[in-house]
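Data block below; observations after.
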Amino acid sequence: MNADLSLYLVTDPALCGARGVVETVRQAVDGGVRIVQLRDKAATDAEIVDQLVDLSHAIDGRALLVVNDRLDAAIAARERGARVDGVHLGQGDASVLRAREALGPDAVIGLTANSPAHLEAVLALPPGTVDHLGVGVIRPTLTKPDHPPALGIEGFRAFAAASPLPCVAIGGVGIDDTEALREAGAAGLAVVSALCAADDPRREAAQFRRRWHAGAAPRILSIAGSDPSGGAGIQADLKSIAANGGYGMAVITALTAQNTEGVRGVHVPPTDFLQAQLEAVSDDITLDAVKIGMLADAEVIRTVVAWLDVVRPPVVVLDPVMVATSGDRLLDPEAEGELRRLLRHADLITPNLAELAVLAGRVPTDWPDALAAAEELSADVGAMVLVKGGHLPGDEAPDALIDAPRGRRQEFAGARITTRNTHGTGCSLSSALATRLAKGEDAPTAVAGARAWLRESLREGEALRVGRGQGPISHFAGLWARGGLDTRPTAAVVEADWWRQISATRTAIDELPFIRALADGTLAREPFLFYLAQDALYLRDYARVLAEAARLASTSEEQAFWANSAHGSIVGELELHAAWLTPSQGVGAATFSARPAPATTAYLDHLRSVAFGGDYEELIAAVLPCFWLYTDLGRRLHAGEFGAYARDPRHPYASWLATYADAAFEEATRRAIEFVATAAAAAEPEKRGRMLRAFEVSSAHELAFFAAPLEGHPVV
Ligand SMILES: Nc1ncnc2c1ncn2[C@@H]1O[C@H](COP(=O)(O)OP(=O)(O)OP(=O)(O)O)[C@@H](O)[C@H]1O
Ligand SMILES: Cc1ncc(CO)c(N)n1
Ligand SMILES: [Mg+2]
């Protein structure tokens, strides 16, 4: 079997001292030891069997367990239910052939070797008898007083180069040998005193592990479904693993026919082929983490559980996928029970709120209750749970990491990002977490790092322009930006994009009874005057907001432009209003005597909050709809798009209609669009997102403003 030998602990009862062997092993495995060898020369066989039973419980499938020399004890411990994976034999110990025969083809059998004669003997054995060699000693050591002459790093290198089998370096290995031995071809480090005698074996093991893996990408396997549109499933996983610094692999559980709009079909290939895929990977490649996604049905789950039972990867992240972002089912409802059996194999489970409800067996009432449910689940299955708040209503998208066995809980707050591109966020997040945990990050660090990456990728998703539904995130957005690959849009693209973003609002404006009646001249005087009185109030403060834009502008050209626009609003447009509202008096107090309607107050509150937040770019984005929507409407009214009467001089509101089709106003709008689009194109993604949001919100206020006059003022 292809065992992970990277960090190999050999026990020594004397060095473990009062802490004891079992507790030392438990802590060292927590820190990343992948294989434990029980070595106790003085113990009787019966004592060895007892110790193997205890160690097997303490390790709980998180690392391999072998025993030095005592083949019969290994067999007896297995008979008592202990999980003993194999033996390590010395040259003078029991025969490796007998061990293979007794323990079976999946057992891990190691053999001590350090001379050319030993190598020759190994080569003479039938293939598959021995899995790896323990090669040493590297340095003189007290834990093996009868050791042969030390090989040193160079001696080890020569031996490993000649060996057909993986070689573990053993004997006097300390943490500072990590890099040299890895470079000399070691499949792993066997450590005795450096871990047994450590004050904190967990921390020491983690340190070894970090140094052993430093500079190498962790090897991450995704076991999941395929999404041919590339946003979710294994396609998302591979991108996420790569973006987070891992080497990605994928075993496919099911094929889906889906895109950003939904799932059209699911095909589950026969599970023997799933098993063949899994074994093809694990027989050859040491896995640093496994991420599990879509499992489709109970038989698939059973196949994965059986494989995990044998391979036991060091990190397992389970995303309990049940329903796609689009609402389509990805797990047979009858398989939910089977999924529970998989939970105990996971180190981290990442349910969304709906999945948490299924796994916890109750529907949480709110976010604090979801954390309580996650606590119950975490305690029940002995794994960490990351509850995801992506589907919460409101402006926040928090996640929370619950680790009941260690009594830890941490919340990660974050404002919701306004985007439709959320397809595959769950897949992407769990793969990022698997990759980061495999690098040796602790869970809170991994969650914080994965979330920061995810948020950047969410913000840039729209720029990919993939699909008409809920599009993907941009997995490599950060990498592209840092690599100097310019993914920023041009001003022309921003202009086209933003216009498209508000297309629903524009259509809604066109369809308003107010606009229709205004165009065909049937609009009663009362709602029209209501509209003008509100617009007068609006323009007075809009002019102040434009003056603030002038104050914040960094070029004199823009300063002059906004100042001029402010002047135009308070003088030009208002004169027109006053001519209707207070014909004999011109602009004066009476022009502003109306009580502001809720739509007016809401719009102005929005503009003022952006204006006095002090961000120039966001501010000019917020004032743009008032230019753009009116110019567009004015042009189309004039062009006869709403009926020929709108361009007739006898139209009751002809003077009003003419103002907004005016060539000078159109030119001002063109420049305003250019300033805003240029600023947005140059902005960081985060700021560009805020600008778009301010623009969309103002557009929505324009719609509400146009709707208000006829809410309570029927068309005549
Ligand atoms: N609009 C958003 N803004 C910020 N973060 C978000 C947003 N939507 C989702 N997230 C984050 O994305 C991650 C996935 O959460 P979510 O609850 O959407 O999972 P999911 O339903 O499993 O996803 P999927 O639909 O891809 O399976 C979480 O970290 C969540 O906080
Ligand atoms: C294949 C696959 N896995 C997971 C999800 C969850 O979003 C999806 N939509 N498709
Ligand atoms: Mg999900």
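Numbering starts at 1 and runs along the chain as displayed.
Using the three backbone atoms N, Cα and C, a Cβ is placed for every residue, glycine included.
According to TrEMBL, the protein has these features:
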DOMAIN    7-195  domain 'Thiamine phosphate synthase/TenI'
BINDING   Gln37, Leu38, Arg39, Asp40, Lys41, Asn68, Thr112, Lys144  4-amino-2-methyl-5-(diphosphooxymethyl)pyrimidine binding site
BINDING   Asp69, Asp93  Mg(2+) binding site
DOMAIN    227-473  domain 'Pyridoxamine kinase/Phosphomethylpyrimidine kinase'
DOMAIN    513-708  domain 'Thiaminase-2/PQQC'
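TrEMBL feature annotations superimposed on the structure.
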residue: Gln37; record: 4-amino-2-methyl-5-(diphosphooxymethyl)pyrimidine binding site; CB count, 10 Å: 24
residue: Leu38; record: 4-amino-2-methyl-5-(diphosphooxymethyl)pyrimidine binding site; CB count, 10 Å: 29
residue: Arg39; record: 4-amino-2-methyl-5-(diphosphooxymethyl)pyrimidine binding site; CB count, 10 Å: 22
residue: Asp40; record: 4-amino-2-methyl-5-(diphosphooxymethyl)pyrimidine binding site; CB count, 10 Å: 18
residue: Lys41; record: 4-amino-2-methyl-5-(diphosphooxymethyl)pyrimidine binding site; CB count, 10 Å: 8
residue: Asn68; record: 4-amino-2-methyl-5-(diphosphooxymethyl)pyrimidine binding site; CB count, 10 Å: 22
residue: Asp69; record: Mg(2+) binding site; CB count, 10 Å: 20
residue: Thr112; record: 4-amino-2-methyl-5-(diphosphooxymethyl)pyrimidine binding site; CB count, 10 Å: 20
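Residue pair Lys41 (4-amino-2-methyl-5-(diphosphooxymethyl)pyrimidine binding site) / Asp69 (Mg(2+) binding site) shows a Cα separation of 9 Å. The two recorded residues Thr112 (4-amino-2-methyl-5-(diphosphooxymethyl)pyrimidine binding site) and Asp69 (Mg(2+) binding site) have their Cα atoms spaced 11 Å from each other. Summarised as a single figure, the pLDDT of the domain 'Pyridoxamine kinase/Phosphomethylpyrimidine kinase' (227-473) averages 94. Cα spacing between Asp69 (Mg(2+) binding site) and Asp40 (4-amino-2-methyl-5-(diphosphooxymethyl)pyrimidine binding site): 10 Å, rounded to the nearest whole number.
Reduced to three states, the DSSP call for Gln37 (4-amino-2-methyl-5-(diphosphooxymethyl)pyrimidine binding site) is strand. In the three-state DSSP scheme, Asp69 (Mg(2+) binding site) falls into the coil class.
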